[in-house]
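Trainee: A single structure is presented below for examination.
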Amino acid sequence: MKKIAIFGSTGSIGSSLLKIIKDDQKNFKIELLTVNKNYKKLIKQVKLFNVKNVIVTDYNSFLITTKLLKNAKVKVFNNFDSLNKIFNTNNKIDYSMCAISGFDGLKPTLDIIKFTKTIAIANKESIICGWNLIKKDLKKYKTYFVPVDSEHFSIWSLLDNNKKNNFEKIYITASGGPFRNLSLKKFRNISVKDALKHPNWSMGKKITIDSATMMNKVFEIIEAKKIFNLNYKQLEILIHPKSYLHAIVKFNNGLSKLLVHDTNMTIPIFNSIYFNTDKKLKSKNIDIKTLNNLNLKKIDNIRFPVIKILNNLSNEDSLFETIIVSANDKLVKLFLNNKIKFNDISNTLIKICNTPEFNKFKSMKPRNIDEIQNLNDYVSLKISSMSV
């Protein structure tokens, strides 16, 4: 029986994983679930899966959860420092899913590595801002890493048993989001409602907006560069409106491999927990007959100007990537609250790339989590004071 921990159990990734586990409960024991505020959904999960440990990071929600579960023999904690009370390094759990969105996901990702045999990371911020810290701990504690993002899981699968220097180029695909065919003149009037209508994927609000600006692809390129130890010249984005082709690897022996699957995050999540097994997924597979027209084209950096940000990045890890992630996070929140216009997200991010105050961080490597978090807080305050 595999012992499991899920960080962000009430979000889309965590909920999808629990749905998978529900169909195979005899083979899994959930040791820990964590949430921020959604205690109502958490309590349902606790009862359904007989969970004995939970972490609720929002204090008011923690108090309510403690009260509601006082007779359920469930240990309720309020922060991730309590992981030391739940787990020990001499008896590692089998699998941890890190699916907390935003910067809040970095600390628990780093904290759980020493307690788990395998870690699946669905949190972009953790990889972009803290990969050198994560990589160091993965090696130190001999923890196996599996990427969950569909593009990176696809690359990871395609590169199986291949030497990392055995390929020329890796392509990741983008649907183009809801505005791939919208007149450029109409971009200034894009509403929050418009931007949340993704044509192919059902996702959370933050990542849906990132998909609309194409910032999610900027992040995915940065992630791929870090995870697979590449340089930016080896990576390229292609527009693929149907979203069933996720990655292409062009090898130096004249062959190229591609990976296709349905637009359903359950597939990479399922394979992250069942890799190296012959477990069958109870979900529809893609109809191969639909592959008659891949319809691939280069991305338009006039329509999606944030792609230009990649030109400002060094192949060396730096704190500048934290600035980009933090600024985007704050700008998306402002847009979702109708404080700024859609175009302001891209324009402000590009402006930041050309600001000397921030450019100095391009030569600075992140040394610890406090440095990353302090810079995140600083950038968030700076964006709030900027004239966007």
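Including glycine, each Cβ sits where the backbone N, Cα and C put it.
Not measured: the values here are computed from a predicted model.
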Trainee: Have a look through G177, G204 and flag the one Swiss-Prot assigns to the NADPH site that T10, G11, S12, I13, K37, N38, N123, E125 belong to.
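Mentor: Between G177, G204, Swiss-Prot records just one in the NADPH site with T10, G11, S12, I13, K37, N38, N123, E125, namely G204.
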Trainee: Write down the one residue from E220, E236 that Swiss-Prot lists together with D149, E151 as binding Mn(2+).
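Mentor: Same Mn(2+) site in Swiss-Prot: E220.
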Trainee: Could you state the CA-to-CA distance between S12 (NADPH binding site) and D149 (Mn(2+) binding site) to the nearest Å?
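Mentor: So the Cα of D149 (Mn(2+) binding site) lies 13 Å away from that of S12 (NADPH binding site).
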Trainee: Would you mind checking how many other C-beta atoms are within 10 angstroms of the C-beta on G204 (NADPH binding site)?
Mentor: 13
Trainee: Inside 8 A of the center formed by the CB atoms of D149, E151, E220, which other residues of the chain have their CB, for the recorded Mn(2+) site?
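Mentor: My list of surrounding residues reads P147, S150, H152, F153, I172, N216, K217, F219, E223, A224, H246.
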Trainee: Relative to the Cα of E220 (1-deoxy-D-xylulose 5-phosphate binding site), which of the binding-site residues T10, K37, N123, G204 have a Cα no more than 10 Å away?
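Mentor: Checking each Cα against E220 (1-deoxy-D-xylulose 5-phosphate binding site), there are no hits.
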Trainee: Taking Cα atoms as reference points, which of the binding-site residues T10, K37, N123, G204 is nearest to E151 (1-deoxy-D-xylulose 5-phosphate binding site)?
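Mentor: Closest recorded candidate to E151 (1-deoxy-D-xylulose 5-phosphate binding site) by Cα: N123.
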